[in-house]
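A.B. asks: According to TrEMBL, the record shows the following:
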| type | residues | note |
| --- | --- | --- |
| DOMAIN | 7-116 | domain 'BTB' |
| TRANSMEM | 163-188 | transmembrane segment |
| TRANSMEM | 215-235 | transmembrane segment |
| TRANSMEM | 247-269 | transmembrane segment |
| TRANSMEM | 289-309 | transmembrane segment |
| TRANSMEM | 316-337 | transmembrane segment |
| TRANSMEM | 349-369 | transmembrane segment |
| TRANSMEM | 381-405 | transmembrane segment |
Amino acid sequence: MNFGRGPSVVLNVGGTRYSFSREVLKDFPLRRVSRLHGCLSEQDVLEVCDDYDRERNEYFFDRHSEAFGFIMLYVRHGHLRFVPHMCELSFYNEMIYWGLEGSHLDYCCQRRLDDRMSETCTYYTAEELNGGPEGKGRRPPGAEGGKWLERMRRTFEEPTSSVAAQVLATVSILFVIVSMVVLCASTLPEWRAPENRSVEEQSRYTAESVREPSGIIEAICIGWFTAECIVRFIVSKNKCEFVRRPLNIIDLLAITPYYISVLMTVFTGENSQLQRAGVTLRVLRMMRIFWVIKLARHFIGLQTLGLTLKRCYREMVMLLVFICVAMAIFSALSQLLENGLDLGTKNKDYASIPAACWWVIISMTTVGYGDMCPITVPGRILGGICVVSGIVLLALPITFIYHSFVQCYHELKFRSARYSRSLSAEFLN
């Protein structure tokens with residue numbers, strides 16, 4: 001450092017002044033401050049600080065003064081903690097500016113920082129990191145076509161992103177409700193009466209069912225869902241990723257059976273051999289129940305459930321392993337105590353281990369239908385142990401799943417609020 005006068009150096013951080021000797025700066029624990037010692041020109045100094053006064057040898061830093069005070073406590077005493085009532089991420093940014101890292105924090109504050117960063121990072125998707133829904137002005141020139149596709153994609157994917165998206169989501173929900181009402185009504189005895197007809201009559205009924213009111217309503221709903229799925233596929237950024245998404249797979253499972261059933265009806269005609277596929281047709285039509293899951297696009301609750309299951313698959317597998325191990329142990333013991341030993345009282349319900357597995361699963365989950373129950377004293381003692389073990393085993397992974405559910409809910413609420421703000425801006429404009 002070959003500029004400035006006097007043996008001391010003054011740091012002015014947010015209006016608070018700190019005085020140091022020149023020799024102290026050489027080995028100062030804060031990397032940004034120690035860089036002042038090696039500055040050889042005014043340009044080098046201005047790369048380190050915001051401004052400086054040569055006459056008074058004072059260097060100005062436009063940073064948070066209270067945060068720097070806590071950082072100076074670390075320099076003096078070796079303990080670094082968060083500033084009370086200050087965001088952990090803001091204080092962490094101050095630490096990075098002065099040349100500190102998260103490892104310099106005390107252990108309790110490190111855990112707070114890790115938790116806060118893990119929560120915050122999940123709130124930002126790849127779209128937000130690339131500019132977000134409000135980053136329209138950052139698009140390269142000549143991207144009008146891409147902007148239109150992006151607006152269309154948001155209209156179909158984000159129900160709260162615009163007025164048009166809300167209208168489209170409302171219409172889609174109405175179609176789902178109507179299709180579910182028709183599906184439920186089709187199982188009523190009055191609607192199922194034609195199934196008791198002969199093969200020839202059944203063939204004619206199947207061919208004419210599309211022209212009936214219920215068939216027309218079903219065809220209209222399927223047409224809407226098909227058009228919606230095609231448009232969403234066209235405007236999607238990554239076609240392969242679009243096909244792999246769970247909700248899109250569910251859409252295909254809900255739409256495809258209708259076309260398969262229509263094609264089978266057209267090609268079978270009155271062929272009695274092929275009419276045996278009627279059971280398959282009923283199964284395919286019943287797969288329309290998957291349309292209910294389409295509501296997950298418009299309700300945060302269902303989205304939270306799906307996201308939680310996706311992120312907690314390890315805990316879910318752990319839970320299933322616990323249950324399977326317990327089933328193997330308790331079913332074998334119950335079959336032995338109730339039927340395997342020659343005690344004069346044999347319980348036919350426990351004739352085999354697979355049959356005893358049913359009793360174990362309804363006991364561990366505390367359902368207790370009562371269709372099977374032990375009659376021997378050792379069997380009842382084992383039943384009590386089975387119930388208590390089920391409560392304990394089921395409760396162990398629940399804590400992890402609960403915390404993940406809460407985090408996913410807040411994440412989706414945060415994302416919905418962002419698009420609601422863009423919707424409010426649209427109304428203002």
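Going from the start of the chain as shown, residues are counted 1 onward.
Here the Cβ of each residue, glycine as well, is placed from N, Cα and C on the backbone.
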A.B. asks: List the helix, strand and coil residue totals of the domain 'BTB' (7-116) as derived from DSSP.
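C.D. replies: Across the domain 'BTB' (7-116), DSSP assigns the residues as follows: 57 helix, 19 strand, 34 coil.
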A.B. asks: Does the transmembrane segment (316-337) reach the transmembrane segment (215-235) with at least 3 CB pairs under 8 A, where each pair is 6 or more residues apart?
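C.D. replies: Between the transmembrane segment (316-337) and the transmembrane segment (215-235), contact is absent.
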A.B. asks: Relative to the transmembrane segment (163-188), which of 247-269, 289-309, 349-369, 381-405 accounts for the most Cβ pairs at distances under 8 Å?
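C.D. replies: Answer, by Cβ pair count: 289-309.
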A.B. asks: Within this structure, do the transmembrane segment (247-269) and the transmembrane segment (349-369) have 3 or more Cβ pairs under 8 angstroms, counting pairs 6 or more apart in sequence?
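C.D. replies: By the criterion, they do not touch.
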